[in-house]
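Structure first, then comments.
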Amino acid sequence: MGNLDSPPTVGNELSEYQGEFTTAQNVVETHDPIIFEELCTINTMEDLYLESNNITYLGFKVSLAMGARFAPSYANVFMGLNIRNYQTVLAFIFAIEEINRNPDLLPNITLGFHIIDTCSNEERVIAGMFDILSGGTIPVPNFSCCILNNVVGVVDGISSKNTILLARLLGMYRIPQVSCSSLDVILSDKLQFPAFYRTVPSDDLQCAAIVHLLKYFHWTWVGLFVSDDESGLKISQMLQKDFAKNEICVAFLEFLPLKDYIDETRRPQIAKNINSTNVIIVYGDRNYMFSLQLQLFLFPIPEKVWIISSQWDITFGSDLYFLSLQPFNGSLAFALYKTPIPNFEKFTQGIRPDLYPKDIFIDNVWFWVFQCKWKKNASDPEKCTGKEKLQYDDLTSYSYIIYNAVYALAHALHSMYSSNPKKQSDGHYFKSWKLHKYLKNLYFTNNAGSEVFFDDNGNMPLKFEILNWIVYPNDTLDGIKVGNFDPQHAYHNFTIHESLIRWSSAFNQTPHSTCSETCLPGYRKSPKVGHPTCCHDCIPCLEGEISNQTDMEECIKCPENQWSNTKRDMCVYKIIIYLSYEEPLGTSLVLISIIFFFLTCFVSLLFTKYRKTPIVKANNQDLSYILLFSLKTCFLCNLLFIGHPIQVTCILRQTIFGVTFSISLSSILAKTITVIIAFNVTKPASKLRNWMRSRVPNLVVFVCSLFQMTICAGWLGTSPPFPYYNMEDEIGMIIAQCNEGSALGFYCVLGFTGILSCVCFIIAFFARNLPNSFNEAKFITFSMLVFCSVWISFVPAYLSTKGKYVVAVEIFAIQASSMALLGCIFIPKCYIILVKPECNTRNFVKKMNCIILK
């Protein structure tokens, strides 16, 4: 559209004249042609001239055009005029008169006005504007047909559709337009509407306020009614886009026709849709509410929470559009911020038809409000007394907004003349397009103490109030302020006092509106296939995961050292488990180990006491004592496996176990070798005779034990065992156990022990058929068979067991193998010593006259 600071190029510019000028004009929109049909058909544009007697004319006048709402409701067709709408017209007049009386604002300049009724007709909007621009009885675009006022700007209060139409026309002429009603977001586009301003915020701010309200109450399943026009379509798209970003779903979307019935085939479906949710948003002006209220009248539904946009402009305490207000009890409505205008109430109470004879509306106002007629005939029984005064129980927000609009143009005009005082004496050269520079930089404080300015898009970021609608039994409506939305605050711009809200009696508490039940802590949301994103199932969190808030998308995994509780709503520290002395299994293993330790001690004492008897001497006393000592150590080393692992126990238990078992097995190997030497030494010319008195058996024990010690030393020197917490094997528990460090070292220790046991078994197996005088090989064979069976079974059991039972398996293997050695090698000899002493003689031992195990 070009630069606003340059003149418009639309053919011939409007002519300018000195002399008497008509005053500012005000386009008044009626939303019900039935009531104002007489005005729209009989009165011409010139007849709708309204001028205050208080205006003074000093030098020349500047035109100020305005379009303000003057819209009786549907109910007023039968019940009369809505006096609140007339108040907005009076606010416009009051602002002009107040400016004209102010010596500091626009000195030597008088503002006037002219009201044009458009009757909600686009043709009349255009005709009215051409009448202002052309100034003749027959409007001619781009030409001045008679003496014409300088037009400062246009202040409109008509519908969005007509406002946009007007903005396109005035944009070509760069004539400033200040709207008091249209929130349409498209009007913020300065490329399309370079001359447009408004003293109300745009729709995107109200959409943001609605989203904040829904998020505060966690309402994620809402219905949406919008007007069936281009504005309603844009609003529905904008809301759905904002809802999608905030995980709010639209249960249904319905378009309301303008002052028309909803198609009968749609009504049952709309009723079903309304019942599908507890929260319904109604976005659009009151012209579209007739079809909705008729729907609610024909299809009564349980009370819902209606969220109502500010475009409804409903006046509390008066008869409105609705056949019944009860369905809207407890609802929430947005209203534009309003501040009482100083002295305005006093001004309205002083309004009388005789003071404003050219006001064509005032007679109708007096008739509907006071049921009297303002006539000169004194004998007329319906004649007004002249003492009537208009009273207002509440001030509408539009009065305050129109008041700001008039003052905005006045301050911009004042700034323009203040910047170049010489032009005040040459006002006929005034160009309205020059006013944009000052409107864009406008900033002042009005008489109500509020700051007035336009943002970069020409919008005034006015605050929204949130009202709670309360419908009384007599079907009257009242509104309580329960919160506000202030777009000027970056943080905490939304506040609401929930304790002040009185919900409908249908709700015992704050209403809920979700597609699915709320997922409690311990559960997560799982989307339903084929349903909107707000519809979900509640799935319990897995073990080790929690959800500590409602409606969580994903469960939170607990830290490594924590686990979820039974409700899956809190992470608790894992229980540290180990094979302890206090538990039954640990106690049992300790008792068994101690019992067999003392049993081994008893055998040692018995062998010591009867060391000179043949049965003891025949079994190599030194090797027997070494074997008994190693077995006692094996039984005691089990105690190192029980209890909380520490560094010392982790190092000692496997090394002591490995070394003592190697000593035991090497002693048995030496015994077996001794048996073989003893058998072969009796043969003639045997070379083994020289080995009988040698230290060969002891050397076998020493070498085998030393080799095992070397393996253990290398293991401990490279990667020794250490205590650690195993958090993987047991769900929800921490296993305190010893990490073997080097697996190779551990398996070498076990492997060497296994090799010794296999060698012992093989040698003893081949020596089992020696003469009965040397039948100890049979007992060694059987003991090693049990020993090998135990450790072969140990391997799969050890690998398949987890937790503290791994330790129990190893202890059991040590105990079982040790008991096999003790029982198979020493118990038969103890039996002879204690039970068969007659067999414990040299001759009996040689000849084996006794059957030992008989």
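Cβ coordinates are placed from backbone N, Cα and C, and glycine is handled just like the others.
Automatic prediction, not curation, is the source of TrEMBL annotations.
What you are looking at is a predicted structure, and each value in this text was computed from that prediction instead of being measured.
The transmembrane segment annotation in TrEMBL covers 585-607 (among others).
The domain 'G-protein coupled receptors family 3 profile' annotation in TrEMBL covers 585-849.
The feature transmembrane segment is assigned by TrEMBL to 623-643 (among others). Non-local neighbours of the transmembrane segment (623-643) in the same chain are 578-581, 586, 589-590, 593-594, 596-597, 600-601, 603-604, 607, 616, 649, 652-653, 656-657, 660-661, 663-664, 667-668, 670-671, 674, 697-698, 701, 807, 810-811, 814-815, 818, 821-822, 825-826; each lies 6+ residues outside the stretch with a CB under 8 Å from one of its CB atoms.
What TrEMBL records for 655-679 (among others) is transmembrane segment. Sequence-remote contacts of a segment are chain residues at least 6 beyond its ends whose Cβ falls under 8 Å from one of its Cβ atoms, and for the transmembrane segment (655-679) they are 619-620, 623, 626-627, 629-631, 633-634, 637, 640, 688, 691-692, 696-698, 700-701, 703-705, 707-709, 711-712, 715-716, 749-750, 752-753, 756-757, 759-760, 763-764, 767, 770-771, 774, 776-777, 780, 783-784, 814, 817-818, 821, 825.
Marked as transmembrane segment by TrEMBL: 699-717 (among others).
Same-chain residues lying 6+ beyond the ends of the transmembrane segment (744-767) with a Cβ under 8 Å from its Cβ atoms: 654-655, 658, 661-662, 665-666, 668-669, 672-673, 675-676, 679, 704, 707-708, 711-712, 714-716, 718-719, 721, 777, 780-781, 784-785, 787-788, 791. Annotated transmembrane segment per TrEMBL: 744-767 (among others), in sequence order.
Under the heading transmembrane segment, TrEMBL lists 779-799 (among others).
If you look up TrEMBL, you'll see 805-827 (among others) marked as transmembrane segment. Tertiary proximity for the transmembrane segment (805-827) is limited to same-chain residues at least six positions away from its ends with a CB under 8 Å from its CB atoms, namely 578-579, 585, 589, 592-593, 596, 599-600, 603, 607, 624, 627-628, 631, 634-635, 637-638, 641-642, 657, 661, 664, 668, 671, 737, 776, 779-780, 782-783, 786-787, 790-791, 793-794, 797-798.
Remote same-chain residues near the transmembrane segment (779-799) are listed as 668, 671-672, 675, 753-754, 757-758, 760-761, 764-765, 767-768, 806, 809-810, 813, 816-817, 820-821, 823-825, 828 (criterion: CB distance under 8 Å, separation of at least six residues from the stretch ends).
Confidence across the domain 'G-protein coupled receptors family 3 profile' (585-849), taken as the mean pLDDT and rounded to a whole number, stands at 82.
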